[in-house]
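Read the structure below first, then the notes.
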Amino acid sequence: LSLSLLLSPSLCLTLCCKGPPPPRPEYDVVCIGLTGSGKTSLLSRLCSEATDSIVPTTGFSIKAVPFQNAILNVKELGGADSIKKYWSRYYQGSQGVVFVLDSASSDEDLEVARTELHSALQHPQLCTLPFLILANHQDKPAARSVQEIKKYFELEPLARGKSWVLEGSTVDNMDAVKESFSQLINLLEEKDQDTGRI
C-alpha cells in the first residue's frame, strides 16, 4: 500500500497544508532622546547588530525590530541640538513613542531631557500615543534610580491619563529591554483594539 492510501485525506491536509503563520502586526514608532542617551546602541542590540563602532545618529535612521508578537518599525531621530528642532517633522504617522534618557547624565542634561520629554508628551501628534520611557545607563555608578527619574520628571501629574511605561535599561541586560518593549507592544495592541471598537 502506498503511504497516501494509509493517510486519511483530512490528516494529510493537517500535515501538508498548515500554511504560513499569520503575519505579525507592525507598528511605526518614533525613538527620541538626547545624544549619548544610548538610543542607537539599544536598537542595534535589539536587532542583534554589533555595537562596537556606533556613532551618534545624524538625521534619522529606521530599523525594523522583530519581536515575537509584533514588528516595530522604529524611526530613531538624532539627539543633537541642531537636529532636535526638527524632531516634530518626523512625528507624523507614529503609533508609539520611545524616549531614551541617560539616567547618569549631568543635572543640566537631565533638565534638557525633562524639557524634551514634557514637550513630546504634550505634542499634538504624540500626546495620545503610548510612551515607553527608558532610564538608560542604569549600570553606571552615577545613575539615578527609576523612582528618582519618575519624581524628577514629574511623570505622575504630567502623564496622568496617558498610557506610558517607565523602565530602567542597560545594554548589558537586553532581556529586560525586550521585556520593556513587550510592555509597549501591549499598549499599542490595546490602543489598536480601542480604535477598532469605535
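Placement of Cβ uses the backbone N, Cα and C atoms for every residue, glycine included.
Around the Cβ of H137 (GTP binding site), the number of neighbouring Cβ atoms within 10 Å comes to 23. The annotation GTP binding site is assigned in TrEMBL to G33, L34, T35, G36, S37, G38, K39, T40, G79, N136, H137, Q138, D139.
Taken from TrEMBL, the feature Mg(2+) binding site covers T40, T57. Neighbour list (T57 (Mg(2+) binding site), Cβ cut-off 8 Å, at least 6 residues apart, same chain): K39, T40, E76, L77, G78, G79.
The signal peptide annotation in TrEMBL covers 1-19.
Cβ neighbour count for T40 (Mg(2+) binding site): 24 (other Cβ atoms within 10 Å of its Cβ, all protein chains included). Highest Cβ count within 10 Å among the binding-site residues T35, S37: S37.
Every protein chain shown contributes to the tally, and the Cβ of G79 (GTP binding site) ends up with 25 other Cβ atoms within 10 Å. Taking a C-beta cut-off of under 8 angstroms and a sequence separation of 6 or more, D139 (GTP binding site) has the following same-chain neighbours: T170, D172, N173. Put simply, the two farthest-apart Cα atoms among G33, L34, T35, G36, S37, G38, K39, T40, G79, N136, H137, Q138, D139, the recorded binders of GTP, are 21 Å from each other.
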